[in-house]
Amino acid sequence: MAIERTLSIIKPDAVAKNVIGQIYARFEAAGLKVVAAKMVHLSRGEAEQFYAVHKARPFFKDLVDFMVSGPVMIQALEGESAIAKNRDLMGATDPKKAEKGTIRADFADSIDANAVHGSDAPETAAVEVAFFFPGMNVYSR
């Protein structure tokens, strides 16, 4: 198994519910280390740039509006198969379809307000981690 890094965002709905610590506990219980973290209130420009891959999709405006609606917690996670582990922890995009015990089943309200974002592949993980944590402020341990 390879040690990977992935990006995770705890979205405004989950931050507002005060479940950051519960989500972090799940990362750590799965063997993932938080190697960089920050709480930010994304600007519209940052959200549009980060989600630019979805620009032509009908949900783009609503996604950006949601992501700028309140603060988010952004973290880089590291561990064996970190991308797949994080995606398993998150559950299906639609919380109604997510397995019990996943972050989205437990904390998300809808497919739009779905609590968390996670990178879907090594290539996107590298781009996403670099977007929010450029330079040397990621710390392996």
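Residue numbers in this text run from 1 along the chain shown.
The backbone N, Cα and C atoms fix where each Cβ goes, glycine too.
Keep in mind it's a predicted model, so treat the numbers as computed, not measured.
Here Swiss-Prot flags K11, F59, R87, T93, R104, N114 as ATP binding site, drawing on sequence analysis. A simple way to gauge crowding: the CB of F59 (ATP binding site) has 12 other CB atoms within 10 angstroms, across all the protein chains here. F59 (ATP binding site) falls outside any helix or strand according to DSSP and counts as coil.
Long-range C-beta contacts of H117 (active site, pros-phosphohistidine intermediate), restricted to its own chain and to partners at least six residues apart, with a cutoff below 8 Å, comprise L7, S8, I9, K11. The active site, pros-phosphohistidine intermediate annotation in Swiss-Prot covers H117 and is backed by sequence analysis.
Look at the binding-site residues K11, R87, R104 and count other Cβ atoms within 10 Å of each Cβ; R87 has the fewest. Once Cβ contacts within 10 Å are tallied over all protein chains shown, the binding-site residues T93, N114 are led by N114.
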